[in-house]
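Trainee: Okay, handing you the structure first.
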């Protein structure tokens, strides 16, 4: 008997798994609201220099006339954003408000200077944003990208911290802490009096997000059988997709950045309250030499699933004997270095780092600057979110039939080719450019969906959180670099697209070097991983793999 047999005895797909998975997936609906919140709270409104403070107010002078004598016109016929006339150009009023560039005085002949009296913003689209709140325009424009980079830095740090702590202290405790940290930090960010404090609390939100994602995924995958991992993993990915659509809807009705930030943080207070009901992973408890608590949890699962009599048959000796090999192969503690000590683990970790980095790098490079498409940001957010739905259907099918490795590799390579193709499309063909971007983003979303499931299947139970935490750190490093690469577009317009396209193609090669995990039971120890890397698979694993292969087609038909 192995742990999978114990799970079958208490019910592997019963009421407990349905409720347990649902409760863990609900907060994931709000993950997208945190990751791409910047698109709305940092939307850049049309702006120009405010009029001179000594400009005499006149009931007969309209705002357009004040603008005319204060701000010069740029090459596109719009008011300049970062310069104004040194003194009001009263003579321009004699031109009857003409916008003909030949009528306007040559800006080079009139003295110009910066916006000493601040800026005036067109807030018809959104009533406020951090851009208008703290004037993050002109010379301070790079701070917008820095805000998102700081947030992703928090996600990176959180992945390392919460990943390692969860393997030591358990998934549920760290998940509960992450819910509370997200709720409190989000609330504080919403009412921050300065940009520096806003960045600090967003950093903490990023840390909390890593704790939520990593521990939610592990608690889901360690309480379900191998045969439904693909379906459940894809369903979890759809929660993130739906979250993108929810964000567009919430942002449409809440136009103030403070109340929007507060609104997307509130649900985590609810998640914190019900997280005390969640059960710790019995598989982890056994490997941490806590078989008594593991038995107690298994019996609770049996009771929820209506199999109380079967649950009572499980005792400590049965649990110990079922995982005797795994327990003997475990040492008291593990560190991140264990991800690199042995050949198979080392190769696997390096390849996964490349896959996660490139997926996140290109994904956020496309997703974090929606205004560049020249389409309503609410509409483009819905389109980008909806594109994930067919993408994840396709990746679910390919993962079930073609395997995880080919699916991961194909998603990355196709995304890179699509992004590179966009470089060849003229800028004025916005519709075609948007369609290619949506296709590329869909491929990257599918790649992300595969990443979580694939990595969770590759790493052993005893190091699963540390492994997921490490590769997630690489993903957040990619997300941190992505907005900074956009700044290169100010010097060479096509360079960001070239970088965003090449990186996924190259990492697709790394994905092809990973071992396949389709219909393979979860490894529990490092030795399990090394045995698979050298082609040595136990009789139990072979037996289960054959059983799963025979039933894969029927299961997919039932879930489609």
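Glycine is treated like the rest: Cβ placed from N, Cα and C.
Relevant sequence annotations retrieved from TrEMBL are reproduced here:
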DOMAIN    102-519  domain 'Major facilitator superfamily (MFS) profile'
TRANSMEM  149-166  transmembrane segment
TRANSMEM  173-195  transmembrane segment
TRANSMEM  201-225  transmembrane segment
TRANSMEM  237-254  transmembrane segment
TRANSMEM  260-279  transmembrane segment
TRANSMEM  348-366  transmembrane segment
TRANSMEM  378-397  transmembrane segment
TRANSMEM  409-425  transmembrane segment
TRANSMEM  431-455  transmembrane segment
TRANSMEM  467-488  transmembrane segment
TRANSMEM  494-514  transmembrane segment
Trainee: Name the range, of those listed as 149-166, 237-254, 260-279, 494-514, that has the largest tally of Cβ pairs under 8 Å with the transmembrane segment (378-397).
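Mentor: Selected stretch: 237-254, with the most Cβ pairs under 8 Å.
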Trainee: In terms of Cβ proximity under 8 Å, which residues at least six beyond the ends of the transmembrane segment (149-166) contact it?
Mentor: 38, 174, 178, 199, 202-211, 214-215, 218, 335-336, 364, 465-470, 472-473, 475-477, 479-480, 483-484
Trainee: Can you tell me which parts of the same chain pack against the transmembrane segment (260-279), counting only residues 6+ beyond its ends and a CB-CB cutoff under 8 A?
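Mentor: Residues 20, 23-24, 26-27, 29-30, 33-34, 37, 40-41, 172, 175-176, 179-180, 182-183, 185-187, 189-191, 205, 208, 219, 223, 247, 250-251, 254, 297, 300-301 contact the transmembrane segment (260-279) from elsewhere in the chain.
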Trainee: For the transmembrane segment (348-366), could you work out the same-chain residues 6 or more beyond its ends whose Cβ comes under 8 Å from its Cβ atoms?
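Mentor: Distant Cβ neighbours of the transmembrane segment (348-366) are 35, 148, 152, 339-340, 384, 408, 412, 415-416, 419, 437, 440-441, 444-445, 447-448, 451, 455, 458-459, 467, 470-472, 474-479, 481-483, 485-486, 496, 500-501, 503-504, 506-507, 510-511, 513-515, 529, 533.
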Trainee: Would you mind giving the whole-number mean pLDDT across the domain 'Major facilitator superfamily (MFS) profile' (102-519)?
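Mentor: Its mean pLDDT is 84.
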